[in-house]
């Protein structure tokens, strides 16, 4: 699973997921399913905000990354992917600027057009069950919830899906592709079932022992762009360059 994640997600997303797991004291070598889930969630959050801007009239518009008007205000502020201290700093700044009610839990995005925080969910189960779990945890009508599944289903607060159909279709297609790629590698069942995950972990550990040399070499690969992209991500003036450059899963 770890190899799959490193092959199928942008290196920047992988790095952010690694930092998140380290912050919570989790070992990605053991919690490989969580590693994959975090990367998937991060990518959905990025794709959710891709190309969406607000023009001078306050209207939401879609602009491709090569468009010269890309200096327009981003519609969404991405909170997910930052360390907790920085994330809460961003949330507090938004609340002070917009007058929005401070959420009890860290949300994933802020929508400047609708003036609301958004909680994004990606589930391997039934969307309505996961939605209810999220709603019960958050217990706030101010935070908008939007759930996606790997089967193409979605559910949102008051059936308000925020994005246009094409943008949501991109997310659904990507999730379906991830599912297919996992299935082709025999990883999907373990990703869905904790019991199967334990079996897969034993296989992975055994495989790592047999070919430790090659895996160590692969795990150390770095992208020259990371040092350039990181400040772009942490700075509020991030661009669509990173978010539009997601790597496609290589064929098995």
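Using the three backbone atoms N, Cα and C, a Cβ is placed for every residue, glycine included.
Residue 80 (active site): 21 other CB atoms within 10 A of its CB, across all protein chains. The active site annotation in Swiss-Prot covers 80 (among others) and rests on similarity to another entry.
Around residue 108 (active site), the same-chain residues six or more apart in sequence whose CB sits under 8 Å from its CB are 41, 45, 78, 79, 80, 118, 119, 120, listed in sequence order. Secondary structure from DSSP puts residue 108 (active site) in coil. The active site annotation in Swiss-Prot covers 108 (among others) and rests on similarity to another entry.
According to Swiss-Prot, the feature site 'Important for efficient shutoff activity and nuclear localization' maps to 195 (among others), an assignment based on similarity to another entry.
According to Swiss-Prot, the feature site 'Important for efficient shutoff activity and nuclear localization' maps to 198 (among others).
Residues or ranges marked as site 'Important for efficient shutoff activity and nuclear localization' by Swiss-Prot: 199 (among others).
The feature site 'Important for efficient shutoff activity' is assigned by Swiss-Prot to 202 (among others).
Positions annotated as site 'Important for efficient shutoff activity' by Swiss-Prot, on the basis of similarity to another entry: 203 (among others).
According to Swiss-Prot, the site 'Important for efficient shutoff activity' annotation covers 206 (among others).
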